[in-house]
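Report on the structure given below.
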Amino acid sequence: MVLQYGTAGFRTNAKQLDHIMFRMGLLATLRSRKTKATIGVMVTASHNPEEDNGVKLIDPMGEMLTATWEDFATQLANTEQKELLAALKDIINKEAINMKLEAEVFVGKDTRSSSASLSQAVLDGVHALGGQSKDYGLVTTPQLHYMVCCQNSHGQYGEATVEGYCSKLSQAFLALSKNASNRTDDQKHLFVDGANGIGAPKLREVESHLKKQLQISIFNDGSRGKLNHQCGADFVKVQQKPPTGVEISPGDRCCSFDGDADRIVYYYTDSRGFFHLLDGDKIATLISTFLKELLVQVGSQTLRCCCLCCYKEVIVRCTKTGVKHLHHAAQEFDIGVYFEANGHGTVLFSKTAEEKVQLLAKSTNINDERKRAALLLQNTVNVINQTVGDAISDMLLIEAILAIKGMTVQQWDAIYSDLPNRQLKVTVSDRRVIETTDAERRAVSPAGLQEAIDGLVKKYKQARSFVRPSGTEDVVRVYAEADSQESADALAHEVSLAVHRLAGGVGAEPKPLH
Ligand SMILES: CC(=O)N[C@H]1[C@@H](OP(=O)(O)O)O[C@H](CO)[C@@H](O)[C@@H]1O
Ligand SMILES: [Mg+2]
């Protein structure tokens, strides 16, 4: 089997990963020597089923592993055991790594039953090359990113402990929520679906710092149900329905994390029982509107706010799938808000933006409105985990914004209406036959596929459809939207058929949804 370091590292059935983990321990140690910094290795397969596992490497500032090293990871993972030493030497030579330098690797894991032995394999790899390690044990993916960033910024970003993480975020949240006018207990109440993963226990730790300013009911906390099974952010987003294991009443504000708590989506049901999803696009809209208003109040004409993939009135950019692409695009702006529709995202502040905010927040010769806005911006910076999308941090920011604006989840939902949409998967013999361009919105191969999609899209009103190979599963993803759910479903089905016919579909042709 050939494994590829994909959009979010290696991911497959846990039984096949032992040697991969050991080798990623080796690679992280080399990366640490190369960068003269601490590197992170997170053992998780996020929203995949419990039987799977995976590994993500974290670069010095808490960002995802740089692309050239993804290729080293793939080479190392697929090398025959007897060639392993030669493969390592090859990387050492190519990157001119001084093996006498010290190395340090932070390791974390999610709650999967396979994670304990697999993270031990990572640690063994680190020690085999003489690296130092720190095992954080059970943490969310974004917590490990945070630890790496804190360590390499020598505490400037915060303290590299779970306690430090909890107190930084909760202090910022408490400062923000002081700006909310009197809220009832109902308004402070939030239902959280922990996907039966690491998010639930970690949220409990944060909650203990929140002084009851947020009242959280956690369900799917891992005490009974199976990880990501019929629950979690991916299930809710793709199925467009509430998770099992939760009794919610109309109007209750709810959110779901994914298995490693780096994604979040919100939702509620209305009095007619209809389900309303507030996905990454709606989250990005809420956050960028809030930031934009604060920038106006603070009177800064110089900071440019960019929202990736979602909104008008702020600059909008699209990238290929994967937060690493969004992250880099967001770095080009003073303030970059990025979210995938699935709820993975964060906000980045440039150094200049942060410095301006700090100066304004300290300033004594500005009026009260500007001062208030500056302090709000300062605490917003602190509540956000800028290293990577973080369900807990995003949740705290969203809750604070809703409280400050005195906004209900219904009012947030009403900012704009989503077009009905549908996501499907098609299995083909080799998904790489589909090549795309224009931020993965048009297929350039196989011949005839894009023309077929264009023809189908024309049959429906307000319709769009995209196909692309998945970066995490052996499938082709199909997305369609149109003026009604029936049309979106029908278009998604017809496009799936076209993919199946033109791109080497495996097994029976996809069946209509209705
Ligand atoms: C439809 C969807 O949610 N796709 C996800 C999923 O990638 P795929 O390439 O679709 O398998 O996992 C990626 C990594 O987490 C994430 O970046 C992406 O948005
Ligand atoms: Mg995840």
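One-based numbering along the chain as shown.
The backbone N, Cα and C atoms fix where each Cβ goes, glycine too.
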Point to revise | Further binder of Mg(2+) named by TrEMBL next to Asp258, Asp260, Asp262, taken from the candidates Ser32, Ser46, Ser484, Ser487 | key: Ser46
Review point. Which binding-site residues from the set Asp260, Asn342, Pro469, Gly471, Arg477 come near ligand 2, judged by a Cβ under 6 Å from any of its atoms?
Key: Asp260
Check your understanding: Within the set Asp258, Glu340, Asn342, which binding-site residues show a CB-to-ligand 1 distance under 6 A?
Key -> Glu340, Asn342
Practice item. Starting from the Cβ of Pro469 (substrate binding site), draw a 10 Å sphere and report how many other Cβ atoms land inside it. Key: 21
Check your understanding: Considering the recorded positions Ser46, Asn342, which residue's Cβ sits among the greatest number of other Cβ atoms within 10 Å?
Key -> Ser46
Practice item. State the residues, same chain only, that lie 6 or more residues beyond the ends of the domain 'Alpha-D-phosphohexomutase alpha/beta/alpha' (33-75) and have a CB under 8 A from a CB inside it; answer 'none' if no residue qualifies. Key: 3-5, 8-14, 17, 20-21, 24-25, 27, 87, 90-91, 95, 97-99, 101-110, 112-115, 118-119, 122, 141, 144-149, 151-153, 157, 195, 198, 226-229, 232-235, 258-260, 262-263, 323-324, 327, 386-388, 472-473
Check your understanding: Taking the domain 'Phosphoacetylglucosamine mutase AMG1' (187-265) as the reference, which of 100-148, 279-406, 444-496 gives the largest number of Cβ pairs under 8 angstroms?
Key -> 279-406
Practice item. Give the helix, strand or coil assignment DSSP yields for Arg477 (substrate binding site). Key: strand
Review point. Quick one: DSSP breakdown of the domain 'Alpha-D-phosphohexomutase C-terminal' (444-496) into helix, strand and coil?
Key: 22 helix, 14 strand, 17 coil
